[in-house]
Amino acid sequence: MPTRAPRRRRKLAPFAFVAPFLLLFLLTFALPIGYAVHQSVMDVEHTGALGLGGSRTVFVGLRNYTDALSDHAFVRSIGRVLLFAAVQVPVMVALSAGLALLLDSASARGVRFFRAAYFLPYGVPGVIASILWGFLYVPGVSPLVEGMRHLGISVDLLGGDTVLWSIANIVTWEFAGYNVLVLVAQLRTIPAELYEAARIDGAGAWATVRHVKLPLLRPALILTTVFTIIGTLQLFAEPLVLKPVSSSIDSAYTPNLSAYNEAFTNDNYHLAAAEAVLLALAAFVLSFGFLRLINKRGGDA
Amino acid sequence: MSLQTPARTVPPSGGNTASDDRTPPRGGITGVTTRSRILVTGLLVAAAGYFLLPVYWLVVASTKSTGDLFGSFGLWFSHPQFLSNLHQVVTYDDAIYLRWAANSILYAGVGAGVATLLAAMCGYALAKFSFTGRDTLFNVVLGGVLIPATALALPMYLLFSKAGLANTYWAVLLPSFVSPFGVYLCRIYAAASIPDEVLEAARIDGAGEVRIFTVVALRIMTPALVTIFLFQFVGIWNNYFLPLVMLSDAKLYPITLGLTSWQSFADRQPQLYQLTVGGAFVSVVPLMIAMVALQRFWRSGLTDGSVKG
C-alpha cells in the first residue's frame, strides 16, 4: 500500500495550497462586495411621530442607487473623474512610453541615473506627494508660483479650473516612473535580430520605433493603461490633502471622497455602500471593456 | 541585455565622457548624430528635473525653521537647522512619530511577507496541479486585480466593525495578506519556470508535496517572490485609505496617516507644518534609497508578468 497514501495526498495537495489564500480572498474581497451590495439595497426607516418611534432597517430595492445617481454632486464627481481619466491616462501612457523609448534609444547616456530618478517618486506615498506638491502650489509659499510671478505670469494652481490638473500632475509624477520601468523592461526583451533585420530593411531610428518597438510594447502598454484606469477612478488622497488649501474642492469632489463623506460624516452607510458598488462597477467595466477592445482574442487576458 | 551596454559604460558618478564616444551604437541602429544625442539627453535631463524637483524642495524645506518655511525662497537653504528639526519630529507628543514608523514597518513587513507566501502557494497550485474549479478560481482572482481597493475598504470596515476587528492591527493586516496580482504573477512564473519532470522526480524519490513546494518550487520562484514582496510592501506602506477608514486610535496609525493628522492640525498649531515636512523627509528618504537599490529586482519580475499579459 505504500503508493496509495501519497496519491490521495496528491489529490488533496492543491486544495491545501489554495485554501489559505482563498479563505482570505473571500474574507477581504468576496464578502465585502456581497455585504456592500446587501447594505446598498437596505435603508434605515424611522417610525412613529416625527420619526421618534425608533428605527429599523428595511429593504428598499434600488432606492439608494437612484438617490446616488440623482444627487448632482455625486454625478458631477463621476463626470469629473471620467474627464480626469480621459486626459490623465493618455498623458501618463504617452509620457511613460516616450521616456522609455528615449532611455532605450541608441543615443541615451546615463540610463541608470535617469531611470532611478524617474522611479524615485513611486516610493513616495500619495498623501505625502500631495503634501509636497501642495506646498509647491500654494501662493506665497510656492517657489514655482513666485518664480512665474516674477516672469509676469500669474497662475492660480488651486483655482476651480486648474486644481483638477494640479491633481493630475501629482498622480503623473507619482506613477510615471513605475510605468517607465515596466516599459523599459519590456523593450529589453526585444531580440537583437529584430533590430538587425530592421536595419537591413533600411529602417531608420524612427521607423524602428514605429514598426518594431511599439508593436512589441503592446502588452506592457495594455497593462500600464489598465492599472492607470483603475488608479484614476480611486482618486481620494490627493484631493483630500489639497482640500484645505483649495476652496474649489468640496467633500464630493471624487466618487470615493463622496462615499467616504456619506459614511463617516453623514452616517449614511447605505448610500455610501451604493456609491462604493457603483465605483467598483465602473472600474470593472472600464478596465474590462478596455481589455476586450484591445484583445482580439477576447476573454483570454 | 543590449540596454545595459551604454548604461555600464557611464559610471554613476559621471566619469569621463571621451571614452563613451567609442561605445558602439546599440540595437544595430547606425547614424547617431551628435544633434540627436544632445536632444535625447536634453529631454531626459528635463524629465529628471521634473521628477526630482519636489524631492529637492523637501530636502531644502526639512532644514528650515517654521518661519523660514514660509518666509524664505523655497528652493534654497536659509539658516539650516536640520538636526534640531529632526529632534523635534522624533520627540514630539511622546515620540509618537517613532511609533507610527514602527507600525508602518509592521504592517508592510508582515503583510508583504504573508501575502507573498500565500500567493506563492496558490499560484504554484494553479500552475502545477489540475483540479476541478482551477480555471474558475484563476478568473475570479484576475477579477480581483481589477477591483479598486478603495471600493472594498468601506464595506470591509462595516464588516470588520461588526466582527470587532475595526481599530485593531488586524484591520490593516488581514487585507494586506491578499495579493491577487501576486497569485497571477506566481502562476505565470511557476508555469514557465518549474519543469514537471523535476516535480515527478521528487515524487518518485518519495518527497511529500509540502517538501517539494518548500525545497524545489519556492527556490525556483524566488525572483517572482522578491518582486511580489516589494510590490506589496510599497503598496501597504503607501496605503492611506484603508488605515484611514479602519483606525481611530492614533497609536495604531501608520506613518501616512500620522503625517496627515499633523498636517490637519497645522492651521491651529503652525509648528506642525515643520513637523509634517520633517517627518515626510525622514519617512521618504529610506524608502527612496531602497527603491533605487532594489530596482533590478523589480524589473526581473515585471517582464515575466507583462510579456504574457
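The backbone N, Cα and C atoms fix where each Cβ goes, and this holds for glycine too.
Marked as domain 'ABC transmembrane type-1' by TrEMBL: A:78-290.
Here TrEMBL flags A:81-104 (among others) as transmembrane segment.
The transmembrane segment annotation in TrEMBL covers A:116-138 (among others).
The transmembrane segment annotation in TrEMBL covers A:163-185 (among others).
Same-chain neighbours of the transmembrane segment (A:220-237): 81, 84-85, 88-89, 92-93, 96-97, 126-127, 130, 167, 171, 175, 179, 182-183, 185-186, 254-257, 260, 279, 282-283, 286-287, 290-291, 294-295, counting only residues six or more beyond its ends whose CB sits under 8 Å from a CB of the stretch. Annotated transmembrane segment per TrEMBL: A:220-237 (among others), in sequence order.
Here TrEMBL flags A:269-291 (among others) as transmembrane segment.
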Compare A:116-138, A:163-185, A:269-291 by their Cβ pairs under 8 Å to the transmembrane segment (A:81-104) and return the stretch that comes out on top. A:163-185
Tertiary contacts of the transmembrane segment (A:269-291), defined by C-beta under 8 angstroms and 6+ residue spacing from its ends, are 33, 35-37, 39-40, 42-44, 60, 64-65, 67-69, 74, 78, 85, 222, 225-226, 229-230, 233-234, 255-256, 258-260, 262-263, 301
